[in-house]
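> Sequence annotations record features per position, and here Swiss-Prot assigns compositional bias 'Polar residues' to 55-64. Per Swiss-Prot, domain 'RdRp catalytic' is recorded for 286-483. The region 'Disordered' feature in Swiss-Prot is assigned to 50-82. Marked as motif 'Nuclear localization signal' by Swiss-Prot on the basis of sequence analysis: 187-195, 203-216.
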Amino acid sequence: MDVNPTLLFLKVPAQNAISTTFPYTGDPPYSHGTGTGYTMDTVNRTHQYSEKGKWTTNTETGAPQLNPIDGPLPEDNEPSGYAQTDCVLEAMAFLEESHPGIFENSCLETMEVVQQTRVDRLTQGRQTYDWTLNRNQPAATALANTIEVFRSNGLTANESGRLIDFLKDVMESMDKEEMEITTHFQRKRRVRDNMTKKMVTQRTIGKKKQRVNKRSYLIRALTLNTMTKDAERGKLKRRAIATPGMQIRGFVYFVETLARSICEKLEQSGLPVGGNEKKAKLANVVRKMMTNSQDTELSFTITGDNTKWNENQNPRMFLAMITYITKNQPEWFRNILSIAPIMFSNKMARLGKGYMFESKRMKLRTQIPAEMLASIDLKYFNESTRKKIEKIRPLLIDGTASLSPGMMMGMFNMLSTVLGVSILNLGQKKYTKTTYWWDGLQSSDDFALIVNAPNHEGIQAGVDRFYRTCKLVGINMSKKKSYINRTGTFEFTSFFYRYGFVANFSMELPSFGVSGINESADMSIGVTVIKNNMINNDLGPATAQMALQLFIKDYRYTYRCHRGDTQIQTRRSFELKKLWEQTRSKAGLLVSDGGPNLYNIRNLHIPEVCLKWELMDEDYQGRLCNPLNPFVSHKEIESVNNAVVMPAHGPAKSMEYDAVATTHSWIPKRNRSILNTSQRGILEDEQMYQKCCNLFEKFFPSSSYRRPVGISSMVEAMVSRARIDARIDFESGRIKKEEFAEIMKICSTIEELRRQK
């Protein structure tokens, strides 16, 4: 049957159909190959926008640096990074005037956080540039490596476990004449295989010590590694994102804590809240503007877009903001917050892996590492790449490019939001001193501007004034990509507002479907996604029911677990049929064991095992929930797990789902091919780290685990905990005298070994 697609929309208001135009079905585009070209683009673009600034040379690293601050006044229509310090400071002063005590209070809150934060805060986050190995690593490993190197170089303040003490070590490390680091390397040798008598290559992994002089160390400490941003929809070109090393991370964290605390107190800030809370906040601002634009006033809204937000932000500007925000605060606090922007003013961008070359004629492939780009003959490159390399050459040092202006993606989201809001704040009538006034919303680089005025000329004048004010602080509103509408219809951070927020359901499409973790988690995540969308995204009952049926179908095809009485033949059907036939209560079988689906839209909140428990045969219950089942490597499962779901916009977000441990909650084993590479030593470190953490958690169940205060080590803490627990168990008669004595003996032995070490 042919359906005329326009018929589908006859009854649908236009604003609800907007979501069908989004590029969210199907797989998002991923990048392949190296990000070197994209990174060079970013570096060159950033310098181009600030080209009229002053050039200086960093005395420590010899890196050329461009400073556009207080440069020429910006020109119309051309994006530029020439922020004027006095304008930024004045915007901050007015923001404080409108919100008395906001900076003071946020500083006090942040000071408390600074004194309490532990080093392990830095283990959160995924890939981090590891300066000791000069490549990316999981955050926990990169931190462990950094601390290990610090300690072997006599920097031990970090042993207190407080982040601020670790940062003291970072500061001291920058004054050292040289640092000794441990790097991994691999040796290859050809040996004859005894069995096959063929020659094979044998690899051994070694660790070697290496000395790094002050200049090289500073370059590494200030380096941001770059990667290509993956899975970005609706774009033709990829772009580069940065991951900073451990030296920068802690300082950035404190700055962002302060900025977050300020954003929470600003009604125009779209951060740090999200979801429904964000919608409510936005709706308030709109309501305020619409109520105030009485019959005499016009109200228009700009759905705003800024040109190259990151490339035109400037760390020196952020330093000025922090200096203002923390005035009258203790010296140590001001110092610790000013370090992040100073490090960013001296940052280096690592160019990634370099370029791949292949010759079709000679069937050769070779990689030109980034370090060689400074000296290689350019005749091998095509025109556009040649131009890029020529431009970037003066900035290159050891395969990294000096990048003083600009911010790189996602580093100071909160602080840049404060800057944006400070301009929105200037729209009050008492500041514009005329008939027009404005307000709006800001969330990192995204903004919506609402302008009220008695007539169209006033609206135009208001928009112009806003545009020019932004220019003075390095924000470039794009005239091409922003559009204006009567207030009541606009888009902000992919929320569509039309007299209230319209559910943009297509954004959630990528998170429907089977996640591929394991049978148990996938079922749970699948129904939770449907449930959440019924709550938050106008997913109606009929559509939800259909989504559920499609999900179950998808699930059965993924895990080849069609119902036991089906005709479909798969690899598993023989076993599942046998199970079906010998089960008395067939309704009790899980879907993944060929059972029927008992979910409907009323019971999505109940885990499948609980839903069917009463219906299960007793022996099936025994097999399903048996921790001694030899086929399952069990992790202890909390009642709630976190899944990573991919919404169409923004980062992957974490979603809670109920987890019931069954024989279906298996964990896939690690791919073995890593064991033959130079990463192997790293993997072993990581596993060691994991084992220690798991052991520690066994001693301190989460309910009783208070963060350790004072300088007790993990081992001491576990030993003392074991003694206390043993005494309680002995006195209450849970363990015998002999067992108690044995535990005490083991504890003493451990302490003795530590003393000998």
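The backbone N, Cα and C atoms fix where each Cβ goes, glycine too.
A description of the local structural setting of each listed feature is requested, covering burial, neighbours and distances.
Outside the compositional bias 'Polar residues' (55-64), and at least 6 residues removed from its termini, the chain residues within Cβ reach (under 8 Å) are 214-215, 218-219, 222, 346, 348, 394-395, 397, 402, 404.
The DSSP breakdown of the region 'Disordered' (50-82) into helical (H, G, I), extended (E, B) and coil residues amounts to 0 helix, 8 strand, 25 coil.
Helix, strand and coil counts from DSSP across the motif 'Nuclear localization signal' (187-195) read 0 helix, 6 strand, 3 coil.
Confidence for the motif 'Nuclear localization signal' (203-216), expressed as mean pLDDT, is 89.
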